[in-house]
């Protein structure tokens, strides 16, 4: 059974001006160092909090790579939750679960013309190796069983429901199109992601 290990106050966002709390956990199945970032004490004051399960993306979240929209989705969510409250479950699942070095190998294949899924498949991996059981364990540790899920990804919806979390509403993020990621985004849309390119 997972439990909260520590709860630390800090300022987040690109300008480090948004108050939040970062929670660590013990008892997670794989012992990966996943964290929750909580805004406006949403786990204590909201019966159905806004939640995003965000998989780590070093290239996008930290270095603002042109290859994906992960950093923009994260920042959009931080800004949204700074106003309405919510919880980001930051999951150590780099490269849809294949790891950083394998993701960089996949980038090389994408440079040769493959899309993100074809590249992963060429390396011997499935389209998406992530499992969200530990995300459910983190929510359970916070006594949360019903959420509003921020995602465009139907796999996340299905997986978290299968682990006993009720979804009251699905909230989509914007399609963050920029030079270098349009092919990537259209590949995701072709695999079922709900992306609105008109906004």
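In case you wondered, yes, glycine gets a Cβ from its N, Cα and C as well.
Here's what Swiss-Prot has on this protein:
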- 52, 53, 54, 55, 56, 73, 94, 95, 96, 116, 151, 156: GTP binding site (BINDING)
- 57, 68, 70: Zn(2+) binding site (BINDING)
- 128: active site, proton acceptor (ACT_SITE)
- 130: active site, nucleophile (ACT_SITE)
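Mapped onto three states, the DSSP output places residue 70 (Zn(2+) binding site) in helix. Of all the recorded positions listed here (57, 68, 70, 128, 130), 57 has the Cα closest to the Cα of residue 94 (GTP binding site). Neighbouring residues of the recorded Zn(2+) site, listed in sequence order and excluding 57, 68, 70, comprise 59, 60, 61, 65, 67, 69, 71, 73 (Cβ within 8 Å of the Cβ centroid). Annotation: 96 are the binding-site residues among 54, 57, 68, 70, 96, 151 whose CA atoms are within 10 angstroms of the CA of residue 130 (active site, nucleophile). The recorded positions listed here are 52, 54, 96, 130; among them, 52 has the most other Cβ atoms within 10 Å of its own Cβ.
When secondary structure is read from DSSP and collapsed to three states, residue 96 (GTP binding site) falls in the helix class. Only 70, from the recorded positions 68, 70, 128, place their Cα within 10 Å of the Cα belonging to residue 54 (GTP binding site). Note on proximity: of the recorded positions 57, 68, 70, 128, the one nearest residue 96 (GTP binding site) is 128, by Cα distance. If you compare every pair of Cα atoms in 52, 53, 54, 55, 56, 73, 94, 95, 96, 116, 151, 156, the residues listed for GTP, the longest distance is 22 angstrom.
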